[in-house]
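Participant: Let me give you the structure first, and then I'll get to my questions.
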Amino acid sequence: MNKDKSKQKPQKKENNNNNNKNNNNNNNKTENNKTNKDFTKNKFDKDAKIDKVDNKKIFHNRSSQKRIAKLKKIELQKKPLTLKLNEIKSIEQRLIDEAPQRGTNPLANISSTTATTTTTTATKNDKEKEKEYKIDYPSATDFKDLPISQLTLKALTESKFLKLTDIQRASLPHTLCGRDILGAAKTGSGKTLSFILPILETLWRNRWGRDDGIGAIVLSPTRELAIQIFDVLKAVGKYHTFSAGLIIGGRNVQQEKDKINAMNILIATPGRLLQHMDETYGFDCSNLKILVLDEADRILDLGFSKCLNSIVENLPRERQTLLFSATQTKSIRDLARLSLQEPEYISVYEKDITTTPQNLTQTLCVIPLEMKLNMLFSFIKTHLTSKIIVFFASCKQVRFAHETFKLLNPGTTLFPLHGKMKQWTRLEVFEDFCKKKAGTLFATDIAARGLDFPAVEWVIQVDCPDDIETYIHRVGRTARNDAPGQSITILLPSEKDGMVNLMEKQKMKFEILEPNPEKLVSIDSKLSSFLSEKTDLKYLAQKSFVSYLRSVYRQSNKEIFKIQELNINEFSKSLGLLGTPNIQFGKASADSKNKSFVVSNIQKQLKDKKSKGEKDIDSSDDDDDDEERNKIGNSDDEDSEDDSDFQDDSDDDNKKVTKQQPKTNIEKLFDRKNANVMSETYQKLRTKEEDEEDDSMFVVKRRDHDLDNLDIVKRLSRKENKEKNFINDPTKLKFQESTSVPKDGKLPTSYIEKVKSEVEKGDVQDKILLKERLKRKKLKLQSKELRKQSGGGATGDDEEESVAYFVPPGEKDPYENGENDSDDESNDDDVWGQEYNSDDDDDDEESESEEQPKPITKKRTLEDHEESALKFLKKNRI
């Protein structure tokens, strides 16, 4: 224990030494604080060393602190603006310095993005190296190498747009510089980003706001393509503050009018945009910077040329115009001359590269017309897990194929898409098909342009395309973005040679396949059974039959489309029809409603030559026209009628048109040869009736039709009719013949006098009875008063007497209505309750008047009442 104490003593000494050291340190700190306090005594000493002193102790004045805080906030607010301005300056300087030369194609720059790194030796501790790209942006292959804003680049990376496609590499260097472009590229090559990026960057560099109005307009041929462009714009420009609007048909115009003036970017169809230019108040495009025409060839094909010209006239001339198309035709070049200023012609097609994707395998399937649907059903049945698009020539064919194949139930989901559908149903079908991993879409050429259907494996063209451009757009729905794809085009034997020649001119690689008809699944019998059960399907089959033949007849390329070689009867049987429908071609105009296209074209040529003063027509042309007209079976009678308008002259080579004298109605009637065709006035009446039938679709109709068949309603209606007939027609009443009237026609005076005498006697008796009743009532009242005075009262037996009073027939009681009633109703019953004896009935009236009423002492039984009633009745009968 002592040892332990000895060990503890030096520890205490050490603790004391430590405490002394701490005290010395604290003293030193207090001395330093004193010196600081002495230093800050001068409050307004600006030369003081602020870094070594606390700011709160120096600037203890609150006003100075607030001023410094405001300055810091202003600097922080200015930082993003200054950064944005610096970024805009650097991008603009780079665009000026590295702009490609006019007439060059940046796609020719083979050099990849190479960069040299330079190290900065400002300090020895800096180990990082800054990279400076010395390559020009026209040679860029990634979006990050382009002179674009960080907001756009961030959205591109999030949307997984990293590499530039060929059309983007070729067009973006020129469009970012503000040049006009006429670009041509194959479908699925990324043309949408080629004009969306310049729109966003141009408005961003100009610091565009809502008050600046409309800065860019994108015109699309179809609504679906406009919606698709709008979706890409939302994805790429989501970090920008621009307002964008979708202006298409099928939507509420008034809502668009209310919001269109607050938009910066408009994506529209030509018709709806022109409508807003004409109708919307305050619609102003004077500040427009960029105009984009996407799928310009399709816009012109749909007949929007006049609409485009009027739109371009309302836009400012100082603008940037971008025109993109899959094909460049003469009409597009004419449009480019009108709307573009010094354009750059950019095409990504090489001499050895066709306009179709490289990963696309093309097949031509030659088969008869009546085996088309069997071929299609067999193919769908064997490709249930693949995504297929099937193209038809008309809307009626799409509807018929979709309805019948649904009944056949091939085992996959089927979708229809055509121009007769409403806008939002088309949009729903488009979105549903895009989400599906497997399915079949029956569509017209409305789905052939610009629409991006993801992961489409097969494209089947049941009907031959109109031209090679339509073929390119159809097969372009597959093999997009370097993905593999396959296409099958079903051709007739008469269409094979012409289509093969067109594809060989474009240097396309394809295979020709002739399937065995015996191995195909036949659906003719099933279709005929469906049509026999459902009249709607039969109507659709007839319409699809007629629409297909009309589409073939109206084609301009007669080398491919030969209507004379079609087996119409077998084709109608393949659709399930028992007979071939009657067809009448040529309803192009009102003047030639019942004439073929050949005759109407001749009349147009005659009118044109009349206006120019040329009346001569070559006879050779007429002979050719006659041969073509004779080939069409249903137009023989019509053509014979039309030939009467032309008269032969002495010259064999030429024919002259001479004016005919007007004919009377009778002459026209006898000269008429085709009795099945109605006159123009009757056709107008038919169109009016059809319009009225269409209008009646929207009329509200009564639904409770079963009420008309109820028996109750019929009975009530009969009663009402009977009453009305009885009231309105009194002449129909028949009276019964009276037998009392003598044959001489004199009135029965003796009978009338007899009746009068009987009535007078009855009146005397009634008066006597009335007097007796009054007397009895008075006597009864007097007897009651006497009893009260004498102290007696009515016994309970008297009050409870059950009496009966019988009024003679035809006699009315004067007290029924309450007249002369007393307060006590029970007393009245006692007065009238009296016995009638047989002796009283034999007495005269005088003896009855002398008799006085006797009080009732006995209680009357039911037998007594019956006897009194019988006596009373016998007396009245006498």
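In case you wondered, yes, glycine gets a Cβ from its N, Cα and C as well.
Relevant sequence annotations retrieved from Swiss-Prot are reproduced here:
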COMPBIAS  1-15  compositional bias 'Basic and acidic residues'
REGION    1-53  region 'Disordered'
COMPBIAS  16-30  compositional bias 'Low complexity'
COMPBIAS  31-53  compositional bias 'Basic and acidic residues'
COMPBIAS  102-112  compositional bias 'Polar residues'
REGION    102-130  region 'Disordered'
COMPBIAS  113-123  compositional bias 'Low complexity'
MOTIF     141-169  motif 'Q motif'
BINDING   F161, L162, K163, Q168, A185, K186, T187, G188, S189, G190, K191, T192  ATP binding site
DOMAIN    172-346  domain 'Helicase ATP-binding'
DOMAIN    372-521  domain 'Helicase C-terminal'
COMPBIAS  608-618  compositional bias 'Basic and acidic residues'
REGION    608-675  region 'Disordered'
COMPBIAS  635-652  compositional bias 'Acidic residues'
COMPBIAS  665-674  compositional bias 'Basic and acidic residues'
REGION    781-878  region 'Disordered'
COMPBIAS  816-850  compositional bias 'Acidic residues'
COMPBIAS  860-869  compositional bias 'Basic and acidic residues'
Participant: Counting across all protein chains shown, how many other Cβ atoms sit within 10 Å of the Cβ of S189 (ATP binding site)?
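Facilitator: Around S189 (ATP binding site), other Cβ atoms within 10 Å: 21.
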Participant: Under the DSSP assignment, what numbers of helix, strand and coil residues are found in the compositional bias 'Basic and acidic residues' (860-869)?
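Facilitator: Output for the compositional bias 'Basic and acidic residues' (860-869) reads 8 helix, 0 strand, 2 coil.
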Participant: Cβ atoms within 10 Å, counted per site: which of K163, K191 has the most, among these binding-site residues?
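Facilitator: When each Cβ's neighbours within 10 Å are tallied, K191 tops the list.
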Participant: According to DSSP, which kind of secondary structure is K191 (ATP binding site) found in, if we only use helix, strand and coil?
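Facilitator: The three-state answer is helix.
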Participant: Quick one: DSSP breakdown of the domain 'Helicase C-terminal' (372-521) into helix, strand and coil?
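Facilitator: Breakdown, helix to coil: 62 helix, 29 strand, 59 coil.
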Participant: CB neighbours of F161 (ATP binding site) within 10 A?
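Facilitator: Its Cβ shell of radius 10 Å holds 20 other Cβ atoms.
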Participant: Counting across all protein chains shown, how many other Cβ atoms sit within 10 Å of the Cβ of A185 (ATP binding site)?
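Facilitator: Cβ-Cβ neighbours of A185 (ATP binding site) within 10 Å number 23.
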Participant: Name the secondary structure element type, per DSSP in three states, that contains A185 (ATP binding site).
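Facilitator: SS state of A185 (ATP binding site) = coil.
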Participant: When DSSP states are grouped into helix, strand and coil, how many residues of the motif 'Q motif' (141-169) land in each?
Facilitator: 16 helix, 2 strand, 11 coil
Participant: Note the mean pLDDT of the domain 'Helicase ATP-binding' (172-346), expressed as a whole number.
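Facilitator: Across the domain 'Helicase ATP-binding' (172-346), the average pLDDT comes out at 89.
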